[in-house]
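Participant: Starting off with a structure, shown below.
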Amino acid sequence: MFPEDKYHIVDVLQKTNHIVGMTGDGVNDAPALKKADAGIAVSGATDAARAAADIVLLTPGLSVIVDAIRLSRQIFERMTSYVLYRIIATIQILVFTTLAILFFNSYPITAIMIVFLAILNDGAIMTIAYDNAKISKVPQAWDMPKVLTIASVLGVVNVIATFLLYYLAGRVWGMTPDKVQTYIFLNIALLGMMTLYSVRAKGAFWSLAPAKPLAIATGISVIISSLISMFGILIAPIGFEGVAKSWLYALVWLLIIDRVKLALYSIFNHPKADLGNTYQSTWENLKT
């Protein structure tokens, strides 16, 4: 088989909407390796094949390709979870703070609270690099309209949740302005971590267990945030009762956020099989 024949085979497959992988080791494989979606130069390949390939194997055999695909798809899922969380958190803080200043002429969160959030939440989110991720059975690609839509809608839901707590703490529970700020701080901290647990799973948030580093980091983050709010470290204290109210409030909104997420994935035609038979009733409820 001549080099142009290999190139032609790859070209025909690509024109029929196939994603083509090609392995090779010689100069005659270089054109096809360059043309393929994933050109793989095997161990001992020539310099020309290595230069044309996307991936160069350093050990004999092809089994390492499976490991590379599995790892790359895990990384993609982790990146998607991080992007969703980051956009949602940004919308929640920026939109809520801006609207509160414009319409209520008040600062709902202080500078020190923002510092706490940056250290605790952003520190915890770094461990998502080690999180468990469901491996897709098909190649994945960035669908930014889908990502932005899901993140924007969930961000707005978080803004609504924060505004409702702002009203409850100030008007219903009769808290002073500085304690209202503490409630808002703890709400952003808790709801941020809970939203992360929701968006990292395509199904219900409990369908995918977190890896130990993520579970420990997020657990430490919310515990420290709760202790800061309870005892008033550089902010107004709200006591155990206030922290308990905040936790209950955040858990209720976690369920709401998760249902909205499931509805959004159903709109984007996410396969029901990913949810498993256990969650079929959830889908039926969303349809009605």
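Every residue gets a Cβ built from N, Cα and C, even glycine.
Okay, so TrEMBL annotates it like this:
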type: TRANSMEM; residues: 83-103; note: transmembrane segment
type: TRANSMEM; residues: 109-130; note: transmembrane segment
type: TRANSMEM; residues: 150-168; note: transmembrane segment
type: TRANSMEM; residues: 180-199; note: transmembrane segment
type: TRANSMEM; residues: 211-235; note: transmembrane segment
type: TRANSMEM; residues: 247-268; note: transmembrane segment
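What's the neighbourhood like for these features in this structure?
Facilitator: Long-range neighbours of the transmembrane segment (83-103) within the same chain, counting only residues 6 or more positions beyond its ends whose Cβ lies under 8 Å from a Cβ of the stretch, are 109, 114, 117, 121, 125, 128, 147-148, 150-152, 154-156, 158-159, 162-163, 166, 184, 188, 191-192, 195-196, 199.
Through the fold, the transmembrane segment (109-130) approaches residues 78, 81-82, 85-86, 89, 93, 97, 181-182, 184-185, 188-189, 192-193, 196, 200, 211, 213-214, 216-218, 220-221, 224-225, 228, 234-235 of its own chain, all at least 6 residues removed from its boundaries and within a Cβ separation under 8 Å.
Sequence-distant contacts of the transmembrane segment (180-199) (same chain, six or more residues past either end, CB-CB distance under 8 Å): 81, 84-85, 88-89, 92-93, 96, 107-110, 113, 116-117, 120-121, 124-125, 128, 150, 154, 158, 161-162, 165-166, 169-170, 205, 210, 218, 221-222, 225-226, 229, 232, 235-238, 242-243, 246-247, 249-251, 253-254, 257-258, 261.
Outside the transmembrane segment (211-235) by six or more residues, the chain places 110, 112-113, 116, 120-121, 123-124, 126-128, 130-132, 178, 181-183, 185-186, 189-190, 193, 196-197, 242-243, 246-247 with a CB less than 8 A from a CB of the stretch.
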